Amino acid sequence: MDLEFDRKHIWHPYASLFNPPPVYPVVRAEGVRIFLEDGRGLIDGMSSWWSALHGYNVPELNRALRAQMEQMSHVMFGGLTHEPAIALCRKLVEITPPGLNRVFLADSGSVSVEVAIKMALQFWHAQGKPGKHKLLALRNGYHGDTFGAMATCDPVTGMHHLFAGQLVQHLFAPAPQTSFGQPCPDGDIGELAQLVAQHREQLAAVILEPIVQGAGGMRFYSADYLRRVKALCDEYDLLLIADEIATGFGRSGQLFACDHAAVSPDILTLGKALTGGTLTLAATLCSDRIAQGICSGEAGVFMHGPTFMGNPLACAVANASIDLLLSSPWQHRVESIEAQLKEQLAPLEQAGGVADVRALGAIGVVQMREPVPMASLQAALIERGVWLRPFGKLVYTMPPYIISEADLTQLTAAMVDVLGEID
Ligand code: PMP
């Protein structure tokens, strides 16, 4: 592969073109392994950023794609509809938290967040309350890289502080401190409650990642906190937008992270694992009340319509992925992965360079005391047959649910080996 051309001409995510971190040439992927050009197979501990739940080259997904390709790869969604989209949206309405009956199909996670924000704003506009146009987001939160989404990411610790001056100024509450499994004391929700009460006339919605704050810190917080936020939203007439782009489809141990708290948000965003990591597709679901509100407003319609909305190939493979997930013992697999991660990463609690070790569902996190050198750490893990992408102080894994006990043992052993050496 012409890596020289790649290095000089192709942007990779969050990378420089002039001092680029190494990129590894990958030629195929099968099961939980991705194979490099030199033949080495690496266990993918990232599930291609939360998405490849069933691993790679999955016969059921390939079959669905091939069959759909023979029928129709794409057709515009304006004024036309098709069975893959109808079947998918029916499933999403059935399996997501109760009350989310209306589905907007988008093409990436960040766009589904934009859609969610626009839904909230259009809803309040239609209610005759255009002043309710601010969002309340959480510190350490992360919702994507487009402008509307960036404005809801933590402006201080987040990745997008460079753009702070150009972004809509929203409000931010402290990140929840109470860990998953703990009841949430008043103190942990106090500042959020104050902000909600004080700014209710300006606030359209609270936006958060339920239970798992992902890119902003890989933190697992109390289900009780989430319940209390929902209660505050109801009390002060704010919408709740739950961003389950990372957590959706079982990753945290429940099908959706909101299920841990039995909370139904007003608006829900999904992406990443929606197609089992095969094609780009995302969805924003909302309740009847929001949909009716939006459509009774001045515009009478919801003002969004991407060209590739409802792409039939993506919908067909999403249908196959959800069917495969629901017909598998996914919850048992995710619980076993959690238990194995907890047990096998525990020795790192004693390591000098490690601040914290935690696992929830099929997510394992080692938080270091200092930021880690990504490139050299990645190289050391690759030598041990493992693919991870450390970020800042965090070295984490969210493997495909199909990972075997032996492969997960190899993955955790590599982490323990490499991270245990750092002071
Ligand atoms: N929200 C969350 C919680 C995410 O983890 C991500 C992706 N990292 C996004 C939104 C944005 O999704 P995408 O990268 O598909 O635009």
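Think of each number as a place in line: the chain as shown, counted from 1.
Positions of Cβ are set from backbone N, Cα and C atoms, glycine also.
Bear in mind that the values here come from a model prediction, so they are computed numbers and not experimental data.
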Identity of the pyridoxal 5'-phosphate-site residue among D154, D243, D259, D356 (reference: G109, S110, P306, T307, source: TrEMBL): D243
Binding-site residues listed as G109, G305, P306, least Cβ neighbours within 10 Å: G305
Length of the line joining the Cα atoms of W49 (substrate binding site) and T307 (pyridoxal 5'-phosphate binding site), in Å: 25
Inter-residue C-alpha distance, D243 (pyridoxal 5'-phosphate binding site) and Y142 (substrate binding site) (nearest angstrom): 9
Among W49, Y142 [binding-site residues], residue with fewest other Cβ within 10 Å: W49
Candidates G109, P306, T307 (binding-site residues) with Cα within 10 Å of Y142 (substrate binding site): none
Closest of K272, G305, R389 to S110 (pyridoxal 5'-phosphate binding site), Cα positions, binding-site residues only: K272
